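These notes are about the structure you will find just below.
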Amino acid sequence: MTLIWSVVFSVLAVVIPVVHFYLAPLISSAGLSYTVQNFGLNAQKCTKVEELQACEKIVLHQETGLLYLACSTLANRAKWNPAVARFEATVDEDYVATYDPSTSKVTRLTLENFDSKKNGLSLLGMDVVPSEKDSNELFVYLINNRPPQDGQEPSVVGADSVVEIFKTVAGGDTLVHLKTVRDTAIVSPNDLAGFSDGKRFYFTNWLNRKTGFALLARNLLTSFSSIGYCHSDHGCKIAVENFYTANGIVKAPNGTIYVASATGLEIKMFEKQDDDSLVFLEGVHCDTPIDNLSIDKEGTVFAAGMPKSLEVWEHTKNSSHPSPVCAWAFSKNMGPGAFYGEKYKVQKVYENDGTIASGSTTVVHDAERGRLFMHGVFSHYLTVCHTK
């Protein structure tokens, strides 16, 4: 009997710390007892652009101040969203748009050399990168979580996810299709960070399976996601395995790769190697789950935060249900704290109960022009706020 209890206690000594390690961030991230504090956003300085709905990712073109958006319709998101196991394929077409804050003009970009009805277009992550040869030429990288192309049941085989590469000119109204990248490494892509050659990109897999138990358990188990790398001419590979809930990804001008650990409550930094693998540098913690990332002109990394993650789930089921939002800013600590080892400054820029912005999955800061943009995969409108 003593031996049995000895074994039991030995097992518990191993299991309890592991369970605590996995579940503690999730319990914290649920925000069950958290009271949302409204600060940082002035409704009098914010406008809502209702013409733009269900835009999961937004990217600022720094030179022109134009905002690029990967959008859908609320009806389409409710039926087809592999991230939350919704596999009712629709015929609605997603689209890329630009928004000019100086004129409030919305432009839906026309697709050339691409038949969206035939090939399917279901947008999620996006990156917009100036060409290394001509800064006026832009490469637009798009996550396309399209329905299966061979008639198979989506709930069984999942989405036929690919990455589409287009080119355009700054301020133009046309996207010219260059290539569809399909590879076994692209399993359940969430976001991506492109290079200026129009061929290379890193991407996040939110899961390493398309369907099944892993899809339901992704926020409870830690090693089901990854970071991948592709060259459109040479194929793809997994650059980082066993990542804890990989979500947004962004590449800094100095080459550092930032990746959001959604329920790990932190951003992780990586350095690109000559073989395109990634070496982990360090992580920086925040207090809420985070989604997509962006970098402003001053080098500050912005992350869309979810202070009440259980409300996010309700928001995905009923997009009219308010989902509180916040934004985190990560920057190098230039203050006195740096002397004492506080290398990074982590600041919650704003928090809102869902009345000004709701369900935001991307936050973009235009430091030069004093603007803040917020949108989300189930959001009813683009929120634009003036910060100066």
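First residue shown is number 1, and so on along the chain.
Placed from the backbone N, Cα and C atoms, the Cβ positions cover glycine too.
Bear in mind that the values here come from a model prediction, so they are computed numbers and not experimental data.
Residues or ranges marked as disulfide bond by TrEMBL: Cys46-Cys385. Counting every protein chain shown, the Cβ of Cys46 (disulfide bond) has 16 other Cβ atoms within 10 Å.
Long-range neighbours of Asp291 (Ca(2+) binding site) (same chain, six or more residues apart, CB within less than 8 Å of its CB): Asn247, Gly248, Ala260, Ala262, Ala303, Ala304, Gly305, Met306, Ser360, Thr361, Thr362. What TrEMBL lists as Ca(2+) binding site is Asn190, Asp191, Asn247, Asp291, Asn292.
The annotation N-linked glycosylation site is assigned in TrEMBL to Asn292. Under 8 Å, Cβ to Cβ, and six or more positions away along its own chain, Asn292 (Ca(2+) binding site) finds Glu56, Lys57, Gly125, Asp191, Asn247, Gly248, Ala260, Ala303, Ala304, Thr361, Thr362, Val363.
Within 8 Å of the centroid of the Cβ atoms of Asn190, Asp191, Asn247, Asp291, Asn292, where the record puts Ca(2+), the same chain has further Cβ atoms from Lys57, Gly125, Thr204, Trp206, Gly248, Ile249, Ala260, Ala262, Leu293, Thr361, Thr362.
For the pair Cys46 (disulfide bond) and Asn190 (Ca(2+) binding site), the Cα-Cα distance reads 28 Å.
Cα separation, Cys385 (disulfide bond) to Asn190 (Ca(2+) binding site), rounded: 26 Å.
In sequence order, Ala83, Leu124, Gly125, Ile143, Phe203, Thr204, Asn205, Trp206, Ala246, Asn247, Gly248 make up the list of same-chain residues 6 or more apart from Asn190 (Ca(2+) binding site) whose Cβ falls under 8 Å from its Cβ.
Around Cys385 (disulfide bond), a 10 Å sphere centred on its CB holds 21 further CB atoms from the protein chains shown.
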